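Reviewing the structure listed below.
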Amino acid sequence: MIEIKNLKFKYNQDQTSYTLNDVSFHVKRGEWLSIVGHNGSGKSTTARLIGGLLVADSGQIIVDGQELTEETVWDIRDKIGMVFQNPDNQFVGATVEDDVAFGLENKGLPYKEMVSRVQEALSFVGMMDFKDREPARLSGGQKQRVAIAGIIAMRPSILILDEATSMLDPEGRQELIQSIEDIRQQYGMTVLSITHDLDEVAMSNRVLVLKQGKVESISSPRELFSRGSELVDLGLDIPFSALLTQKLKNQGLIDCEGYLTEKELVEQLWEYLSKM
């Protein structure tokens with residue numbers, strides 16, 4: 001669905017090094033790929049290049065079999081929905097409902113289908129009760145939900161989330177991440193998320209680590225979390241279940257290799273307790 005080949009980019013020619021230096025990777029159709037790394041590693045730059053908001057110095061970006069060029073940028077943007085960390089710049093409607101409907105009106109969708117999509121999108125993100133509210137009167141987390149709803153209603157082939165859940169509380173973030181996964185499954189949407197959130201990473205199929213503008217690794221979330229203390233050097237926290245698993249292993253209470261999810265850890269503990 002997305003193929004990146006030998007991408008190089010710097011914001012100005014005075015930079016001594018590239019922001020992205022010979023980056024190559026691909027995203028499969030219907031896949032959820034998370035991109036992680038320290039601030040300044042090139043994560044958001046990658047998202048903006050794919051969305052045609054920046055122009056690479058060299059390399060290729062291919063979206064759905066079509067190379068991104070000046071001639072194709074608008075066709076490719078039509079396939080991509082992007083949600084950024086600060087959603088205020090994305091609001092255009094007087095009410096939440098109007099804002100979510102804005103893109104659909106521009107596409108000329110029939111009224112009944114437009115109403116159906118708006119209601120479905122707002123329900124997905126838990127904002128139906130706020131449909132008549134002015135976006136400016138919402139909290140930061142609520143604004144992010146509405147911004148995501150506006151993109152979901154358009155049903156793009158690709159959803160790019162650039163720290164889009166960062167302003168939500170932990171419970172709200174988990175609910176929204178699950179909603180995005182439900183949407184991905186329902187519509188076969190490809191998801192690319194720029195994130196530091198471990199729950200978001202855990203939901204993805206694969207994780208790409210950027211380090212100083214280069215691809216450090218591409219792996220499954222389980223393989224990444226198994227790296228333990230290395231995660232801190234990559235700009236991530238160590239999952240609670242990984243810390244607890246290591247402590248229990250050190251005390252001889254469980255016997256396992258690699259990373260355990262919280263569910264797997266509970267199962268290991270039940271197995272241990274049943275033998276006491």
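Cβ atoms here come from the backbone N, Cα and C positions, even for glycine.
According to Swiss-Prot, the feature domain 'ABC transporter' maps to 2-237.
Taking all protein chains in view, 16 other C-beta atoms sit within 10 angstroms of the C-beta of H38 (ATP binding site). If you look up Swiss-Prot, you'll see G37, H38, N39, G40, S41, G42, K43, S44 marked as ATP binding site, on the strength of sequence analysis.
Apart from G37, H38, N39, G40, S41, G42, K43, S44, the residues listed for ATP, the same chain places the Cβ atoms of T45, L210, G235 within 8 Å of the centroid of those Cβ atoms. Taken residue by residue with DSSP, K43 (ATP binding site) is part of a helix. On the 0 to 100 pLDDT scale, the domain 'ABC transporter' (2-237) averages 90 in the predicted structure.
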